[in-house]
Amino acid sequence: MTPAARRHALLTPAESREADRHAMARGTAGTVLMENAGYGVADEICGRFRQGTRVAVLCGPGNNGGDGFVVARVLADRGFIVRLGLLGDRARLAGDAAWASGRWRGAVEPAGAAVLAGATVIVDALFGAGLSRPLDGAAADAVAAINAAHAAGATVFAVDLPSGVDGDSGAVLGTAVEADRSVTFFRRKPGHLLMPGRALAGRVAVIDIGIEEGALDAIAPATFANHPDLWRAVWPVPAAAAHKYSRGAALVVSGPAEASGAARLAAVAALRAGAGIVTVAAPADAVPVVAAYRAALVVKPADDAAAVASLASDPRLGALVVGPGMGLGPRGAAILDAVLAADAPLVLDADGLTLAARDPAAAFAAIAARTGAVVATPHEGEFRRLFPDLAGSRLERARAAAARSGAVVVLKGPDTVVAAPDGRAVINDNAPATLATAGSGDVLAGIVAGLLSTGAPAFDAAAAAVWLHGRAGAVAGPGAIADDVADALRAAVAAGPGEED
């Protein structure tokens, strides 16, 4: 893990507790961590609101509530008008939370709608990322009161993660707070990026509370927020002496003319994303359609699997794309077998995934036997067909699917997860909603192939492709269709990976 990559590590709630223990084992008291957390949240509020602002802090029965007591004390000392509501009995607070409670000199009211009356700012310190059960009773009522005040115009700051959001999965446990901002500590959790947690968390600030970076060495996290720092080395920059084949060659298999649009989108995206030459293997009726689409594409007739296998055997090929618009008939099934038997890295998408789902064990055995890596790019429906028994969060399921199949799995969605067979995973968060359009997935398959063709490792190529797809969607803007996204890759690639947070 490079120093630049370290800051994008995501820690599960259990790993976050381990980071706390790491700090305490090296002499930092838990009360110091709590003080630092509370001061950090207060600083975020003070940076946006003036003295005299009315603030309501709702505290829970654990350490998240202890953080809230610190926030309330610091804001009151800085001239804010603070009311504090507590869920449960103050006398039952224990440990660091009891210590923080003892330093609060103001009134302690029940956590509910009354304490929120007139508040401009609400601090949700009910439950942190470690919540493991659905909220009900008074806790659910408190969340409902926060959300009602939020709907009426109050600004909500969540301490760590909105109460009710699972820190591992982003799932809502019964009900959850709708926050404008979340302030978390040391590192974000998967629940900050996975939906619906990401939507509920609002803008997330990560603050330093005194945990040394060395804690990451002990924890060895395997999940990261997708960012150029993780794969900057694979960004497509041609060498000064490059020629089209040294840049990368890709082969995209097309279906019949009426379904060839998917392959055309993938082929153009592969070119835009770094390949120096892209060939489309098309049945006879699709050859003139594909040839007329873009002059830069090479088109070869391939009516059957034998023809595709012949094209796929070219040793100069760095990537194959099979599935977009290919069809589910005998031709498609035979082509799938042929490309799984080939050596070049393979992007398996759309119809290719559906065909593989007819006999997953055979497909996975073929993946294990081949030389080149496989990147599978399913949406939720395709994923369920291929891995019907897998349950859990999107992160858990993608990771399990990669381990089982031997492929790098790209589980597509607004919170796309890329998982490698060795357990590494990234969660992507830069995709605009405009990418929810027909053909968008075909463009992504092409981007993966374009990067694979340059020689990029499969996991890095997939993670970079997902990020670049999101960047192109943002460049294309509202109203964009898949063709626009593919063409926007030119500007997205030209801009470089940047230094984005």
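Glycine residues also receive a Cβ, built from the backbone N, Cα and C atoms like all the rest.
Caution: TrEMBL annotation is automatic and unverified by curators.
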Checklist entry - Which of Gly381, Gly441, Gly446, Gly450 does TrEMBL put in the same AMP site as Lys412, Gly413, Pro414, Asp415, Thr416? => result Gly441
Checklist entry - Among all the protein chains here, how many other CB atoms are within 10 A of the CB of Ala129 ((6S)-NADPHX binding site)? => result 30
Next on the checklist: What are the sequence-distant neighbours of Asp160 ((6S)-NADPHX binding site), meaning same chain, six or more residues apart, C-beta distance under 8 angstroms?
Outcome noted: Asn64, Asp67, Gly128, Ala129, Gly167, Ser182, Val183, Thr184, Phe185
Item to check | Entries of Gly66, Asp124, Ser163, His379 which, being binding-site residues, have CA atoms within 10 angstroms of Gly413 (AMP binding site) | outcome: His379
Checklist entry - Where the distance is taken from Cα to Cα, which of the binding-site residues Gly66, Asp124, Ser132, Ser163, His379 turns out closest to Thr416 (AMP binding site)? => result His379
Checklist outcome for this item: Across the domain 'YjeF N-terminal' (16-217) the predicted model averages a pLDDT of 98
Item to check | Helix, strand or coil at Lys412 (AMP binding site) [DSSP, three-state] | outcome: coil
Item to check | Entry from the binding-site residues list Asp124, Asp415 having the most other CB atoms no farther than 10 A | outcome: Asp124
Next on the checklist: Whole-number answer please: how many Å between the C-alpha atoms of Ser132 ((6S)-NADPHX binding site) and Ser163 (K(+) binding site)?
Outcome noted: 11
